[in-house]
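Written out below as structure tokens is the structure these notes cover.
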Amino acid sequence: MAEHVEESGSKSESFIEKIAEKIHGDGSSSSSDSDNEKPSSPSALKSAVYRLFGRQKPVHKVLGGGKPADVFLWRNKKISAGVLGGATAVWILFELLEYHLLTLACHILILTLAILFLWSNASTFINKSPPRIPDVRLPEEPFLQVAQELRFEINLGLSVLRDIASGRDLKKFLAVIAGLWVLSIVGSWCNFLTLFYIAFVLLHTVPVLYEKYEDQVDSFAEKAMCEIKKQYAVFDEKVLSKIPRGPLKDKKKA
């Protein structure tokens with residue numbers, strides 16, 4: 001009799017456990033359904049927003065990250081102001097005062113060597129220790145890294161120019177021709193040093209302003225890009241499509 005009671009009790013307990021599992025399962029499924037019905041996260045919505053030049057990374061990452069990006073984005077205002085002030089001083093020295101690089105280098109070396117030579121010889125008379133001239137040796141690894149990066153960028157540029165010259169993309173060809181034409185006009189207005197200084201100043205002003213007003217600039221750029229695409233479609237329909245083109249011959253071997 002006691003065994004029969006225990007058996008009926010265990011059956012009832014197992015039945016209650018099954019009901020509880022079923023209830024919890026329905027609750028979890030309903031909660032998962034409600035989670036699926038929730039709107040996308042803010043990061044997903046932010047990634048769907050139009051960004052200038054199809055940018056997917058933050059401005060700091062686009063500029064390469066690290067200390068150079070910190071300087072361009074004015075993370076440390078003292079360092080950024082010092083770099084920009086130094087570049088301005090060099091431009092004033094060579095462009096406005098018409099100082100020459102070789103003359104400046106020779107004068108700096110003459111002054112430095114004269115000071116060190118006189119200090120080394122006068123230290124015995126004035127009872128002071130002679131100057132400690134460091135043994136400067138340039139490491140090999142940074143120069144190899146710069147050479148590799150420069151080689152990669154040059155090869156990439158040559159590949160882009162080859163792709164443009166092959167006639168595959170008329171839109172890219174016209175954009176490059178227009179850019180080179182504008183650059184040639186700007187180059188006729190000023191020399192290379194002034195052009196380099198202008199680019200340096202733009203690197204220290206445009207990225208930080210763009211990072212500050214990113215949403216407004218991207219919204220305006222999206223509208224401008226849509227308008228440019230409309231105008232290009234009209235130009236393609238009225239002009240480019242009427243240019244006769246020869247038949248393409250496939251020279252691929254079977």
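Here the Cβ of each residue, glycine as well, is placed from N, Cα and C on the backbone.
The region 'Disordered' annotation in TrEMBL covers 23-42.
The compositional bias 'Low complexity' annotation in TrEMBL covers 28-42.
Look at TrEMBL and you will find 68-254 tagged as domain 'Reticulon'. On the 0 to 100 pLDDT scale, the model's mean across the domain 'Reticulon' (68-254) is 84.
Sequence annotations record features per position, and here TrEMBL assigns transmembrane segment to 79-94 (among others).
What TrEMBL lists as transmembrane segment is 100-119 (among others).
What TrEMBL lists as transmembrane segment is 173-203 (among others).
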**Prompt:** Which residues of the same chain, at least 6 past either end of the transmembrane segment (79-94), have a Cβ under 8 Å from a Cβ in it?
**Reply:** 70-72, 100-101, 104, 193-194, 197, 200-201, 204
